[in-house]
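Notes to accompany the following structure.
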Amino acid sequence: MVSMAFSLNTVAFPNLRRSNRYPGMAFASLSSKESTSLGVRVTEGEGNLPKVVLTSSGGSEAEIYLFGGCITSWKVANGKDLLFVRPDAVFNKKKPISGGIPHCFPQFGPGVIQQHGFARNMDWSLFDSENVDGNPAVTLELKDESYSRAMWDFSFHALFKVTLNTKNLSTELKVKNTDNKPFFFTSALHTYFRASVSGATVKGLKGCKTLNKHPDPSNPVEGVEERDVVNFPGFVDCVYLGAPNELHLDNGLGDLISIKNANWSDAVLWNPYTQMEACYRDFVCVENAKIGSVKLEPDQTWTAVQHISIA
């Protein structure tokens with residue numbers, strides 16, 4: 001295993017270079033040999049925002065923006081990107097990146113603070129990196145600061161580890177309460193999958209309790225999913241409580257995708273239909289979520305894992 005610590009100081013990692021464009025941010029300046037062996041590099045992405053690029057020995061690739069800790073691309077070895085970023089996405093830090101795998105934390109959906117919380121609106125930091133048998137991984141870090149505490153007055157420490165294999169992309173989110181009082185939160189990974197909406201289907205949800213936000217998102221209708229295969233015939237915004245730890249997505253483009261999880265107890269399906277005329281035909285959201293509030297006492301940690309893989 002090759003390990004590399006991104007402690008953002010040149011003592012711990014001598015060939016880090018400071019960036020004038022991003023004061024206080026350090027970028028890894030890797031030699032070709034190091035870059036090949038580690039499969040990890042930091043570069044400038046859209047809007048000159050810093051992003052991490054992971055490349056596996058099997059030829060797959062993933063991109064993660066530090067703004068929002070957002071995975072925006074997952075390309076398998078044939079170059080096909082299985083994630084989707086909306087054409088209206090902006091990379092100027094004025095709003096979250098619309099697409100890929102955005103974070104919803106410490107609130108999923110609307111509530112007492114801004115929609116889907118603040119984690120997708122903040123800069124995450126590089127914390128650690130490693131490579132195991134040609135599979136690169138990077139860990140990002142998020143801590144409370146004045147921006148977060150202005151709306152949610154708690155101290156926390158979040159770590160988000162992304163691991164890339166030839167045919168799968170895994171994430172591990174850890175949230176620790178570093179405050180002296182308990183707090184509650186909800187969370188989700190708002191994953192956008194590239195798809196043909198007319199042919200996309202999801203299996204594995206039959207029997208789940210549902211909260212259907214169509215036609216009135218503010219007054220969801222309770223029910224039970226009776227279909228073996230769920231499709232996207234129009235506007236879809238539905239929460240599935242007590243979802244199984246594995247779902248199967250046929251993206252309608254010839255790809256069968258397994259979505260496994262540990263400790264994400266719920267799932268959400270979403271497609272905006274004609275509310276986003278320019279792109280609704282090209283994606284579906286299949287989200288792992290924690291809809292019920294998680295309570296963390298001081299020093300307690302909550303962990304959830306997601307594995308998405310292609311057959």
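A Cβ is built for glycine as well, from the same backbone N, Cα and C atoms used for every other residue.
TrEMBL lists His190, Glu287 with the feature active site.
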Around the Cβ of Glu287 (active site), the count of other Cβ atoms that are within 10 Å: 24
Glu287 (active site) versus His190 (active site) - Cα distance in angstrom: 5
Cβ neighbour count (within 10 Å, all chains shown) around His190 (active site): 23
